[in-house]
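**Student:** Below you'll find the structure I mean.
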Amino acid sequence: MNTTFDTHGNDTARPDAPAFAEDEPNHGASWHLYDAPGVNIEGAWEHYSGEGVLISFMDNGFKYDAPELSGNYRADLSFDHAEDDGDIYPGSGEFWHGTMVSQVAVGGDNEIGGIGISYNAEWSGQRVDFAANEGLEEAFAEGAMNADVFNNSWSFLDAYGGSYQSPYYETRYGDVVDDATQQGRDGLGTVIVISAGNDGSPDGANAPTHSLKVDPGTIVVGNYDATDEINASSGRGANLLVSAPGTGLPVQDGDQTKYGTGTSISAPVVSGVSALMLEANEDLGWRDVQDIIALSARYIDSDHDSWETNGAGNWNGGGMTFSNDYGFGAIDATAATSLARNWLDVGTTASQRSASGSFAPGGAQTGSQFTVDVSDDIDIQHTLIEMSWESTSWEDVVLKLTSPNGTESVIVEGRSYGSDSMVFEFGSNAFWSEGSAGTWTVDVVHQDTGDPLDVEVSNIEMTFLGDETSQNDQYFFTEDFAAMVAEDASRGTLNDASGLKDIVNTSASSDNNQIDIRNGAASTISGGELTVEGGIEHIIAGAGNDGLDGNGQANTIFADFGDDTINGNGGGDYIVAARGDDNIYGGSGNDRIVAGYGNDYVHGDSGNDTILGGDGFDQLNGGSGDDLIFGWQGIDSINGGNGGDRIFGGRGNDGISGWDGHDRIWGDSGADHLQGALGNDSLDGGTGNDTLLGQEGNDRLDGGTGQDSMSGGTGNDVYVVDDEGDQVIEQAGEGNDAMYILGSGSFDVGDHVETGRLFDSAGNAELHGGLGDNSIWGNDYDNVLSGGVGSDTLRGGGGADTFEFTDASGETDYIVDFETGIDDIDLDAILADTATDPWESSDIWLTEADGNVEVWMSADAYEGDVSGDVNVAILTGISLSGIQ
């Protein structure tokens, strides 16, 4: 096992944590969770808990029914490979190593003991018997192939133990890693974490000589303590990727708190953070997870002489820092999840590229320095070097590799071997993000003196794994930037003359950063000063309250969380702000702006912009240009500005103004207030009780469902009505207006609306005119129509219609499609109370003139105050004989 533990107390004070973590009894001792020297968990826990991610553990036993572990245990995915049954708890009497390891990663939020890094992740156990060497290969395959994250807190004991040079181990471990990274997680690849081991020594460790830990498909984890210093027992080597807290971490054994130490404890910290990363972005490939961990790791113990800066140039304004003691540094949960959330690539086995080179002298060659020329260029992640060589004193041998950029990596030092002849593939992560092309130098020196040491070499094969090179570069900045600039001032200047899609990415920094990619402008990132001298097109920011400025080009700006202020500053920009109350200014150009969650202010400025408000109470202004604006959710205030805009309010009680131009506005759901303002506008309220104001221009107003109030203002307006509760408001002299009815019921055209029409969807509806000379149209159903006050024109359409006459002011209405024997004329409302049997008394009569039938009433029978007989109606296009 790679763990020691004791029951000593820990009274170290820790920073405040989320309330639920403070409820855990071991909160005060959980130094590994919080700000440096911990994993900076608070920012990650604001959004993620491991939910939806499965971690599998290969270990010697698990008390799965313990309160810390029972909640998310997956019995169906667990197995005892030593005993060949489904019970992974060997019994009481021992605090099983697997119980301790799994608690660190997935311990529950239950006010008992401590809390795991990914406390809501599901977990499974693959039990083995290390002492009897039973079930290891089966457990390894099961865990690797059937989990999202696979934790291995165990090691082969001997130097060069489990070497892939043996077909047995290559098949049972190497091939399984290949299959898991190719096929796991539906082709994205299982994230495989393995402890570096506890045989660490400054004079040499086993970690570089275990093929499983050299394998590019595994994440090798070191152990540091609460002072940010490497634990003396932690395995060292160029194959480490990252280190994590692993010294004195509290774990619960019944009612007793114990404290675990070792890389077995630091490995599940990384497994837990990996689960948080996969929750943040489920599309990450296994290579993405490694890349993000390397790029977001915290620079610790900077005075340690093992640190070296490589020639990459993409990290904090310069090369990446790497140490055989720490890998790329201390894992940072907040930085890693933030970078994962904003990650652009998909790094899988399928997308992986390779390059190679060899030294093949045609026979054994004795010497201490050899060179390998590589012609193909890729962006390196993993560097592998297979040595076929001989020595009579392996314990004195130190193997070093130097890249074309001058980066030196100590590959192995002082490890004994059981034969003078050796073939083994070593690995190094020190050259991460460098290019592979050029001459690589292999040096052999003496462990004690550092002098050149001759060995016999028959072959050297070098393999590089990574990504295609590109002129489009991404420059990553973390919260270490100020420290990096203090050490090397050249990191404070950024210039990229090649490529058209170069990115400044500060998503690993949660500080309030100011990023300006205009030439010569000053930026501040985590307290460090950066000047962009040209060639940067895009920005990806972090979770702080950032100020972000684009330049005159077409920039893409991702703002992530925080209350950000964003200026596109010209060009057709694509601006995305995630969560927070943001202020966004598109500037000139045809911009696309996504405001995201929060109460945002957006001003598109000039250009034909597309704006999406997202959730929250947003203020969205299109500015000049023909804009497309979506309010989305929340109570939004939207102004289209100048130009012919299309505006969708979305959910919520929105206030929308098209302003100048011919605008189209949709309120969608909610009680919206829509205002067309200037221009010929189209307003659609959608669902809810809406208020629509057309104002100037020839407008179309459709309240949609609900009881809406519509006022077109000046101009020739069209109203669409579907509810009896809708109100149409027009003033005299404001134009020739029309009202179209889609809903069933009884409707009034309204005063000063000239035309009313029933559509077929209205069915057997009634439509009544108001003041003025109206044109009233029925549909193909049985309608009741009346003109109201004024000389009106009525058209029944199909169906058996009834034409009601209600105006006794002496005006004449026209019925243009009266059908004899089908339609009816109802004069009751304008008959005087004294009129009896008006047909028999000839108080009502019909005449024919100019091809029309006229309906007349005598002054005595007429309800109104008139001086003579009244021509009540004219039935156009029919003859009197057709009626009689």
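Cβ from N, Cα, C; glycine included.
Unlike curated records, TrEMBL annotations are generated automatically.
Grabbed the feature section from TrEMBL, which reads as follows:
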- Asp59: active site, charge relay system (ACT_SITE)
- His97: active site, charge relay system (ACT_SITE)
- Ser264: active site, charge relay system (ACT_SITE)
- 678-694: compositional bias 'Low complexity' (COMPBIAS)
- 337-470: domain 'P/Homo B' (DOMAIN)
- 1-25: region 'Disordered' (REGION)
- 676-716: region 'Disordered' (REGION)
**Student:** Excluding near sequence neighbours, so keeping only residues 6 or more apart in the same chain, what lies with its CB under 8 A of Asp59 (active site, charge relay system)?
**Tutor:** Trp96, His97, Gly98, Val101, Ser102, Gly125, Gln126, Arg127, Val128, Ser153, Trp154
**Student:** DSSP says what for the region 'Disordered' (676-716): how many helix, strand, coil residues?
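**Tutor:** Here the numbers are 0 helix, 12 strand, 29 coil.
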**Student:** Determine the minimum-neighbour residue: among His97, Ser264, listed as active-site residues, which Cβ has the fewest other Cβ atoms within 10 angstroms?
**Tutor:** His97
**Student:** Need one number: mean pLDDT over the domain 'P/Homo B' (337-470).
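**Tutor:** For the domain 'P/Homo B' (337-470), the model's average pLDDT rounds to 97.
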**Student:** For a three-state summary based on DSSP, what are the helix, strand and coil counts in the domain 'P/Homo B' (337-470)?
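**Tutor:** The domain 'P/Homo B' (337-470) comes out at 8 helix, 74 strand, 52 coil.
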**Student:** Is His97 (active site, charge relay system) helix, strand or coil when read with DSSP?
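**Tutor:** It is helical.
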